[in-house]
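Asker: Pulled the feature table from TrEMBL, pasting it below:
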BINDING   81, 82, 83, 112, 126, 130, 257, 261, 262  L-histidine binding site
DOMAIN    1-323  domain 'Aminoacyl-transfer RNA synthetases class-II family profile'
Ligand code: AMP
């Protein structure tokens, strides 16, 4: 039997959970203060959903999906990203008939068959938001601000916000033409996959990972030079609001993002301390995605943040304080089981409490307490008969006999910590 972990996946062990909880709780609190509600969509969906939304010519759909056939021959895929499922839920549940604007956030695992390395996994977790039903530039600003504020609330440094605009269905065709005629000149240098992309979706050439394309990409026409007036004004407003709120950003005309559905604003937050996997957040506007899925014409936008990468950064920067609640160990003896249970009930209102086994002797129980990392030990021994309880702090050596009075025990322990 193979007990190895499949490549690219990992256990999240209890020692790391405080980081996960910190990130999730900070995100929940922030998003809810901006009136976003949580949504939980399925881990797998019909493959078609990602083909159509994420895009046929993207790396994700061409190479990275975990796709399988179920017992009835239907093609299903483990979600490689969160947005398509959220849009599907919006349509399936006809939310557009109920709410003028839908603001949601999600937290959960995603799956991509990528080459694993530090900061890149096959199962990873994203935390993201989506807004459906607003086309104004204020909301582009709000979405970028939420990503920035989340990282700020987690006290992360060395981050850079990059933004760009990809234009809309009106101005995109002109840009597409310009890209095609530019890359046609170098067609013989393109890999078969990139040749196919040139025909079907030339924008994807700009995030191709092919080495030979790097120099070519540098000289390629940029979407920002082809924006129509409306897209220009929209993008200027987004930048104005960012500046008003003192959010530093860099205009990166080469930023295109790896998913097909983006229109107008796209953005990424990168860090200088993660090596090659330096993107922490990616997002943007997708004004035609709902329609692509056969729904009404409703604009949308959002971002996704990689939790694993964020936690690597939190550990590197190492100045957050994780909550620590001391562990109190109660040794148990068969004669005083009832007292032990009642005492633990009270202490658990404030502390983590673990109880030894009445079948083990005191020495063994003390060894356990030490191994479990508990330094406050409460002894349930014959002193109980005299209404006394021994408490010892093994770090300081301090010992105390307190009255067996459930009202004052909490206070007595407090003084010993
Ligand atoms: P994307 O959905 O590709 O725009 O990615 C958004 C964010 O998810 C990235 O900035 C990363 O932080 C994270 N991410 C994407 N792919 C992976 C992966 N394979 N492993 C870990 N994190 C990832």
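Easy rule for this one: first residue shown is 1, then count along the chain.
Glycine is no exception: its Cβ is also placed from the backbone N, Cα and C atoms.
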Asker: List nothing but the one residue from 83, 126, 262 whose Cβ has the fewest other Cβ atoms within 10 Å; the candidates are the binding-site residues.
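Answerer: Relative to the other binding-site residues in 83, 126, 262, 126 has the fewest Cβ atoms within 10 Å.
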Asker: For residue 81 (L-histidine binding site), list the number of other Cβ atoms lying within 10 Å of its Cβ atom.
Answerer: 21
Asker: I'd like to know the mean pLDDT over the domain 'Aminoacyl-transfer RNA synthetases class-II family profile' (1-323).
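Answerer: Mean model confidence (pLDDT) across the domain 'Aminoacyl-transfer RNA synthetases class-II family profile' (1-323) is 94.
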Asker: For a quick check of packing: other C-beta atoms within 10 Å of the C-beta of residue 257 (L-histidine binding site), how many?
Answerer: 20
